[in-house]
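These features come from Swiss-Prot:
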- I86, E87, S88, H226, E227: substrate binding site (BINDING)
- S88, K89, R255, G256: NADPH binding site (BINDING)
- C187: active site, thioimide intermediate (ACT_SITE)
- D194: active site, proton donor (ACT_SITE)
Amino acid sequence: MNYQDNSLKSLKLGQKTEYASQYDRTLLQPVPRALNRDGLGITQNQPFTIGADIWTAYEISWLNEKGLPQVAIADIYLDYQSQNLIESKSFKLYLNSFNQSKFADFNAVQQTMQRDLIECAQGDVKVRLNPVAVYDAQKIEHLQGDCIDEQDIEITSYEFNADWLKDCVSDEIVEEKLVSHLLKSNCLITNQPDWGTLHIHYVGKKINQEKLLRYVVSFRQHNEFHEQCVERIFCDLMHYAKPEKLTVYARYTRRGGLDINPFRSNFENLPENLRLARQ
């Protein structure tokens, strides 16, 4: 995979940057989804028909018209059909630029963010800005399904290898939800670790859980963005397991006040945003 594209070379990610305190929409940086989809052969037609990159933004603050600081938490849904994904460090810098800028009210901030993200992503984006009090009653959730992590197996390789999924199914037709907390990959630019919980919901021939776990662990030294990893997992499962229906959903731990939770499916609606124990 060759990601040495001009759109990546210009990213602020991995570079020393200054933090702006006045609103600046030009801080947002796009990454074309085609960079990864070309290699997967899905640039024109994706095997998933429903999906979004679901972001939670915890560090949002601005000034009201009297200069009093305000804070909020945002849920952001970035449609999978957008031309670009949003590079996470640029998003953090963009959010920080609100800190010393005055806005009339919550709605003005929400509309500003939604407009700017739509322009950067070149696709549909939904932003919901919530007062902190909304989260007072929020529970720590868990993703329903059988956890595949407690298997007594020996692992000797941590290099990505989709071939772990070869011959991974039996003839038994099932509907299953499987969960692994062992998803770990590395940032494409900085090599920093990205920690996630993976949820797979499928209908089709039963998937061998040992083969699936070995495949998940093989991402451990793999360098890709969160969104790209989830699309790769979806494509690999469709290729090797050939399920009738499939959802792949990953919830990653927070970095820089942001968590990214890509969801791709060919049969399920988008989930409500939630929070897992590690988030």
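Note: Cβ is positioned from N, Cα and C throughout, glycine not excepted.
Each of V31, D53, L85, F91, F225, I260 belongs to the same chain as I86, E87, S88, H226, E227, is absent from that list, and has a C-beta within 8 angstroms of the C-beta centroid marking the substrate site.
In sequence order, S88, Q192, D194 constitute the residues six or more apart from R255 (NADPH binding site) in its chain with CB-CB distances below 8 Å. The secondary structure of the residue listed as 'active site, proton donor', as reduced to three states from DSSP, is extended strand. Neighbour density around each Cβ, counted as other Cβ atoms within 10 Å, peaks among the recorded positions I86, C187 at I86.
Here the Cα atom of E87 (substrate binding site) is found 11 Å from that of the residue listed as 'active site, thioimide intermediate'. Cα proximity to C187 (active site, thioimide intermediate) (within 10 Å) is found for the following binding-site residues from K89, H226, E227, G256: H226. The two recorded residues, K89 (NADPH binding site) and H226 (substrate binding site), have Cα atoms 13 Å apart. Across the structure, H226 (substrate binding site) and G256 (NADPH binding site) place their CA atoms 15 angstrom apart.
Taking the Cβ of G256 (NADPH binding site) as reference, residues of its chain lying under 8 Å away and at least six apart in sequence are, in sequence order, E59, S88, K89, K92. Under the three-state DSSP scheme, E227 (substrate binding site) falls in the helix class.
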